[in-house]
Amino acid sequence: MGQFISFMQEIPIFLQEALNIALVAVSLICIVKGLVNLYRCGLFQLMVFLVLAGRSCSEETFKIGMHTQFQEVSLSLSALLTNQSHELPMLCLANKTHLYLKSGRSSFKINIDSVTVLTRSADVFVHSPKLGSCFESDEEWVVAWWIEAIGHRWDQDPGLLCRNKTKTEGKLIQINISRADGNVHYGWRLKNGLDHIYRGREEPCFEGEQCLIKIQPEDWPTDCKADHTNTFRFLSRSQKSIAVGRTLKAFFSWSLTDPLGNEAPGGYCLEKWMLVASELKCFGNTAIAKCNQNHDSEFCDMLRLFDYNKNAIKTLNEETKTRVNVLSHTINALISDNLLMKNKIRELMSVPYCNYTRFWYVNHTLSGQHSLPRCWMIRNNSYLNSSEFRNEWILESDFLISEMLSKEYSERQGRTPITLVDICFWSTVFFTSTLFLHLIGFPTHEHIRGEGCPLPHRLNSMGGCRCGKYLPLKKPTIWHRRH
């Protein structure tokens, strides 16, 4: 699995090679052609016929020639119930007795019992949807909306009691829905409203007893999930109030932001910096690496000489000129004694020698690669003509080209993954195998000789349907390859 993941990650890289592109093309052609051969040989059709034919005699099992499909779609409106300040309310019924309401960042718990908490003498009496003295502004509208949804009419029904929001006991509103005396019709109407928006709730109050609804802020329980069907029931109960006092906001709005959440209407800008290289010819790490491997070269001695002198001058910049000269002479003595002696003997014998001044190398103009510089020999105080050491620089050029080809071959081998070669090999084997299957061919179904295909039914030896839908015709059957 790891090899496959690595192979997929390297696709943009190895497609830069022509050989890799050819391998990919051959693999794709073999795979596609192999699948076509498998389809044309009839093997798939025969397997489908043997597995499915005769399972059912219904006319609806297979529809030959029909291009319609039975499909379904499921809608989830939970995305609309987002955590915005003006969202559609969510309702929840937990354990059939605990009622909850949530809208925006405010959530409430609705309790129904017979315990009186608020009194008219000590608390606020309200008879309008303006609940500013009881709740905050972002809570006031949703509580008033919920009260109207269960059937309360502000201009006709009794007033409500609520605790002043400045008190430390907490926010609370109390509604009397007792079905007794003159309150019976009002109580039944609000009970029916609760039953409509909270389907399946259990009624804790009995006929003739005191029954109070208490609404107070509380955290939304974790076991309550967003259910848009309850929201639809809530909206259907308060259709008139929605049209007048509510506007749905920001359901399908979007904006571009950066990773920190700041608005970025213009999107992102991509800046690309480029480095400009000079035309200076440099002998880079390749030449240094060769010098580290092979020390018997005048050019490498000069590199070491320059390096030592540079470091000495940098370190002893404030030293006297005499100390610098002494140190320079000492460092220059590090040049290979063997080469110095050899060049001196050559000079005495009038044999070409090196004076560490002029060097030659073979440069490849297309790739910019070059050989390791070699000393240009001197004889009789004059440099040799290039034709005098023609064999040397021709041989050096051969070495350079061989080195370049070897390096290029190694790089190409490295850029051709083994997985790609395996895919190409096995796809070719797959194509060859399916080619033989296509030449052989398989029968795809059975039907009565000389008559049409009775798909999807499977026939017996008497020419009848095995499931009993059609009577035996006592006609011979034959296997056919195509319809």
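Glycine residues also receive a Cβ, built from the backbone N, Cα and C atoms like all the rest.
Per Swiss-Prot, the features are:
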- 2-17: topological domain 'Extracellular' (TOPO_DOM)
- Gly2: N-myristoyl glycine (LIPID)
- 18-32: transmembrane segment (TRANSMEM)
- 34-53: transmembrane segment (TRANSMEM)
- 54-58: topological domain 'Extracellular' (TOPO_DOM)
- Cys57, His457, Cys465, Cys467: Zn(2+) 1 binding site (BINDING)
- 59-422: topological domain 'Extracellular' (TOPO_DOM)
- Cys92-Cys224: disulfide bond (DISULFID)
- Cys134-Cys162: disulfide bond (DISULFID)
- Cys205-Cys211: disulfide bond (DISULFID)
- Cys269-Cys282: disulfide bond (DISULFID)
- Cys291-Cys300: disulfide bond (DISULFID)
- Cys354-Cys375: disulfide bond (DISULFID)
- 423-443: transmembrane segment (TRANSMEM)
- 444-483: topological domain 'Cytoplasmic' (TOPO_DOM)
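Annotation for the disulfide-bonded residues Cys211, Cys224: lowest Cβ count within 10 Å of the residue's own Cβ, Cys224. When secondary structure is read from DSSP and collapsed to three states, Cys92 (disulfide bond) falls in the strand class. For Cys211 (disulfide bond) paired with Cys162 (disulfide bond), the C-alpha to C-alpha distance reads 16 Å.
Taking only the Cα positions, the spacing between Cys354 (disulfide bond) and Cys205 (disulfide bond) is 117 angstrom. The secondary structure of Cys205 (disulfide bond), as reduced to three states from DSSP, is coil rather than helix or strand. Taking all protein chains in view, 23 other C-beta atoms sit within 10 angstroms of the C-beta of Cys134 (disulfide bond). Mean per-residue pLDDT, taken over the topological domain 'Extracellular' (2-17), amounts to 61. Using Cα positions, the member of the disulfide-bonded residues Cys92, Cys134, Cys162, Cys224 nearest to Cys375 (disulfide bond) is identified as Cys224. Checking each of the disulfide-bonded residues Cys134, Cys162, Cys224 against Cys205 (disulfide bond) by C-alpha distance, the shortest gap belongs to Cys162.
Of all Cβ atoms in the shown protein chains, 22 besides its own fall within 10 Å of the Cβ of Cys162 (disulfide bond). Cys162 (disulfide bond) and Cys92 (disulfide bond) are 23 Å apart (CA-CA, integer value).
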